[in-house]
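One structure is given here, and the rest of the page talks about it.
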Amino acid sequence: MAEVFSLRLLLFTSNHRASRSSSSYSSSSSSYKSLKSAKSNPKPTASTSASRRGPLSVSQKTQKLNLEVSPHRAVSAVRLMRIEFGGAFADLLNEKGKGSGDNEMGYVERTLGFRTRDLEDRDLRLVTDIVGGTIRWRRYLDHLISSLCHDDKTFSSMEPLLLQILRIGFYEIVKLNMPPYAVVDENVRLAKVALRPGAGNMVNAILRKLVLLKEQNSLPEPKLEGDDRAQARALATLYSHPVWMVRRWTKYLGKEEAIKLMAWNNSDPSFSLRANSEKGISRADLETKLNSLKVPYEPSLHLSDFIRIKTGLQTVIQAGLLKEGLCSVQDESAGLVVSVVDPQPGEKIIDCCAAPGGKTIYMASRLKGQGMISAIDINKGRLRILKETAKLHQVDDVVTTIHADLRIFSEKNTVTYDKVLLDAPCSGLGVLSKRADLRWNRRLEDMEELKKLQDELFDAASLLVKPGGVLVYSTCSIDPEENEERVSAFLLRHPEFHVDPADKYVPHDFVTASRFYFSLPVKHSLDGAFAARLVRS
């Protein structure tokens, strides 16, 4: 399971709790249930997907293996279907980072009615590029597709699989600048075999129209004109973000910074590796291993055991560095949150929303075998992954897991701790470069529900802090309503706490005027994160 954890880190960011905000507390918070319910969409099963496509042709039923269809496009289309309609996709990869054989092609066959050949390394890279890019640029791609359709009804009633195939073709032509007519031919073939000849004809007509417009430099771009609302809609299309996010960032950051942030979110993400000191691996040792693998890297400017890589993460995975526990994938912004906690040997610490455990494991490594970390989470399965990862990283002697709802646990608990970390469920607006799908899974209405949950957890966590102890509240959000405003509201309710300035623990460049830790993607080239360090009188 440890390698599964490592791969989930790769696909869903290192240790951020953004995904927990829609799952971990659903079983115990009625308000949060309503949030989850409001966001849910009908999720097509294999049978419903097939029914939308219409019955499979005789040739599809008899020819289960199709070597003519581009495998990376077939797999990309299926993954995009599963992501958009709620299916997880981390489980499509094994420890080598490839499609896991029958499992991968099983998904393809159930959705398309046939298999292709297995993915090779080059195919895998293309799938990663196409799936991530198509999700990021979905709104913009849909604008182009709808503009080139015969009428609005054609686009609004388009079959989900047909739409994914068109999105792939548009992304390959417009953003990847792949040879246009090869893209047309390959996607037409996929549509004909996976759907029917008429679908292939439609893909052919629309993609050829796109190629012509691109060659003439006359793509139908939205114009930045009109009032603020109209301009926000245009920016949301041009930079492929929800309108509410654009309006929110324009309000808090200004138009130019909002545009820079959206451009960052649409760029290929970089990843950071943390050397596992508990296994005797220093950053220099990790650098030596990366050199031998010919993976380019840059040492972190902020943390002595972190390395940043832009490319080559699949190579790292295939070499077994994560599986062997020699390093872990963790963004420096998350590592700096641990710096704010400042765990010291001999201390008793509790991580209140711990799973999947990136910060827990890092804190445990800094205890040097002396002290204790209790990791509490409502999700039993994710806690099991945390426990196994702690063993892999050889810090299980100082980590204890607790399966519980923090709000209930804190009321009954009589033990207090030297330090308490609440890495709260949040919108994840700071990690959109890595979580390409997250921008489409968040609504403005979610923010109010999240703030209510954050306040409840904040109050609960405060009960666990001993006099003179430390409470750190953190998020992977850049939104002030989830960050500074939650801390201000907490301090009004709890005058027994006061702010301990973050500049004692992180570089001054990361410290806000209110003395909190804050990383901003554009400014620091890291994920967005926030942490406030509070001390109990």
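Here the Cβ of each residue, glycine as well, is placed from N, Cα and C on the backbone.
Residues annotated as region 'Disordered' in TrEMBL: 19-65. TrEMBL lists 20-40 with the feature compositional bias 'Low complexity'. The feature compositional bias 'Polar residues' is assigned by TrEMBL to 42-65. The feature domain 'SAM-dependent MTase RsmB/NOP-type' is assigned by TrEMBL to 261-537. Among the features that TrEMBL reports, S-adenosyl-L-methionine binding site is placed at C353, A354, A355, P356, G357, G358, K359, D377, D405, D423. The active site, nucleophile annotation in TrEMBL covers C476.
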Measuring Cα to Cα, how many angstrom lie between D405 (S-adenosyl-L-methionine binding site) and the residue listed as 'active site, nucleophile'?
21
In whole Å, how far does the CA atom of K359 (S-adenosyl-L-methionine binding site) lie from that of the residue listed as 'active site, nucleophile'?
12
Reported as an integer number of Å, what is the Cα distance between the residue listed as 'active site, nucleophile' and A355 (S-adenosyl-L-methionine binding site)?
14
For the recorded positions listed here (C353, A355, C476), which one has the lowest count of neighbouring CB atoms within 10 Å of its own CB?
C353
Around the Cβ of G357 (S-adenosyl-L-methionine binding site), how many other Cβ atoms lie within 10 Å? Please give the count over every shown protein chain.
29
Max pairwise CA distance, angstrom, over record-listed S-adenosyl-L-methionine binders C353, A354, A355, P356, G357, G358, K359, D377, D405, D423:
19
Compute the average pLDDT of the predicted model within the domain 'SAM-dependent MTase RsmB/NOP-type' (261-537).
96
Those binding-site residues listed as K359, D405, and which of them has the most Cβ atoms within 10 Å of its own Cβ:
K359
